[in-house]
Amino acid sequence: MQDIRTNQQRLWDSLMEMGEIGGTEKGGCCRLALTDLDKQGRDLFVRWCEEAGCTITVDRMGNIFARRAGQDDSLPPVVMGSHLDTQPTGGKFDGVYGVLAGLEVIRTLNDHGIETRAPIEASVWTNEEGSRFPPAMVSSGVFAGAFDLEYGLSRADLDGKTMGEELARIGYAGSAEVGGRPFKAFFEAHIEQGPILEAEGKRIGVVTDAQGQRWYEITLTGQESHAGPTPMPTRRDALVGAARIVDLVNRIGMEHQPNACATVGLMQVFPNSRNVIPGQVFFTVDFRHPDAEVLARMDQALQEGARRIVEDQRLEMDFEQIWYSPPVPFDRDCVASVRQATESLGLSHREMVSGAGHDACYISRVAPTSMIFVPCEDGISHNEAERAAPADLAAGCDVLFKAVLERAND
Ligand code: HGY
Ligand code: MN
Ligand code: MN
């Protein structure tokens, strides 16, 4: 058993084939949650898992579980997984790697005719990115009881289409209840999406925690009027207010270094006409920090600062925190399983906190959970240039294989 390794080429080929679905000119992937492309990716994953002898279950949030029977099928499964949905200008590895590494573990067990005591499942979590349907990680959140099913199914995109409608449209509105069943453990393999492993020349990130996040939606309302005759001092320009708050967000991030993150990623200007003073602006704020108290101070600074700017600019403001995901400490035994598997493979490694959110963050509320990171080129992710080396991806998959096998047989 010691010398078994997962199949690097097969994993790479599966990643490249999946990456063709929504593949972009620049070599990235645009496969937004619950689009026809997401359906194609899901169908491909399901076909591959059925070819590997798995039985498929889909729950009411469209989460997919490909199950490989254990000798004692009454035992809770050891589950691996991540997400198949991408950012609009995403890459081929964010999420997809953790899903297909799970499949590769199952394929490797089959190659060697290995039976495990507990069943094993490879999983896909719907809409992890929260790009089309905010918030992020919503389906693993429903599974973990952080949100109720009605909230999850009613999440809507900017066109007003809900997750429930889109799940039904693509044929992934499953019948299985969401959550309420035990996992023996959950492991998520993922690219780091940051620069640390590559900079330190380390192969594996043993992920101990994930940082907290606060997401906001802000609408500023001023007065549309003509860009020519309207005197500057009388204007109520919503975009000037938004610009000042964007600068405030960045200053709050910089004032809470070394670990704070602060981003305005989405903005809609209305009426968005070059010679009309913008009457309304809708935009989002994404705050992150490993320490909940610092994140709360950043929240306070944003609320107070935004209020001052709005008063100064004589605007109205609708300010809503739409999501709070607290910092997550992963299960120490699962972290130890990942560390031991890494050491037994002689792979260089370091402990780290995840800067990104992952489905593992919510699953850790209902099952012993941890993550395995591998480096990505220049630490770039959420970008079509996202790249990871086949050997690093295979190394992470070998760690996953060992950690899962140990847990399924203990
Ligand atoms: O935003 C995140 O951290 C993840 O990519 N959904
Ligand atoms: Mn991801
Ligand atoms: Mn992502």
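Any Cβ shown, glycine's included, is placed from N, Cα and C.
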Same-site residue for Zn(2+) 2 (record: TrEMBL; known: Asp94, His382; options: Glu50, Glu51, Glu129, Glu343): Glu129
Candidates His190, His226, the one TrEMBL lists with His83, Asp94 as binding Zn(2+) 1: His190
Distance, Glu129 (Zn(2+) 2 binding site) to Asp94 (Zn(2+) 1 binding site) (CA atoms, angstrom): 10
Remaining residues near the recorded Zn(2+) 1 site, that is with C-beta within 8 Å of the centroid of the site residues His83, Asp94, His190: Ser82, Phe93, Gly95, Val96, Tyr97, Gly98, Glu128, Glu188, Ile191, Ala356, His358
Cβ-Cβ distance under 8 Å to Glu129 (Zn(2+) 2 binding site), same chain, at least six residues away: Leu32, Ala33, His83, Asp85, Thr86, Gln87, Gly90, Gly95, Ala136
Inter-residue Cα distance where the pair is His190 (Zn(2+) 1 binding site) and His382 (Zn(2+) 2 binding site), in Å: 13
Around the Cβ of His382 (Zn(2+) 2 binding site), the count of other Cβ atoms that are within 10 Å: 18
Output field, Zn(2+) 2 shell: CB within 8 Å of site CB centroid, site Asp94, Glu129, His382 dropped: Thr86, Gln87, Gly90, Gly91, Gly95, Ser131, Gln193, Ala356, Ser381
